[in-house]
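These features come from TrEMBL:
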type	residues	note
DOMAIN	2-53	domain 'Myb-like'
DOMAIN	2-53	domain 'HTH myb-type'
DOMAIN	54-103	domain 'Myb-like'
DOMAIN	54-107	domain 'HTH myb-type'
REGION	110-198	region 'Disordered'
COMPBIAS	111-121	compositional bias 'Low complexity'
COMPBIAS	136-159	compositional bias 'Basic and acidic residues'
């Protein structure tokens, strides 16, 4: 028997199955939806929908007004990203990431400002490595690390050749999602055929 570990990075095929399943089953039947995706739990499917795939999610660049509103709300309600997110019009993960980026930028600007006010008065970016943005952000994953929040990231492109499990998952999902009749309708059709054959 094969052991399947649920979770990990989302693939394009999984995203597409999730989109179609939400269109068919709605946003309240995550167990049914996750049964189409062998490597995902209902909780992961729900998180993926609400953090990345929902068409109402704004994925454009942040405006100056949005930044100011975010900073103001974060000062009023620190760490309450689920409350702040609908006011700003973004997801909680987007708000937290943007807030962290704004803090990092402000810290970098402050460090650059204090070092440029040194004796010479002119700062050479080659002499001051802190004034330049870091090449590798500390929050980036290193080889072997697992992303703790893959539902908020873009999907990984599908491989050219899918393995057998993925092909099976895709064909089963396609068959189940294409079925427009429910069990009740199928049973009535069978009963009708039995009646006609008598």
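We number each residue from 1, going along the chain as drawn.
Cβ atoms are placed via backbone N, Cα and C, with glycine included.
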For the domain 'HTH myb-type' (54-107), report the average pLDDT of the model, please.
94
DSSP says what for the domain 'Myb-like' (2-53): how many helix, strand, coil residues?
31 helix, 1 strand, 20 coil
Summary of DSSP states over the domain 'HTH myb-type' (54-107), given as helix, strand and coil counts:
37 helix, 0 strand, 17 coil
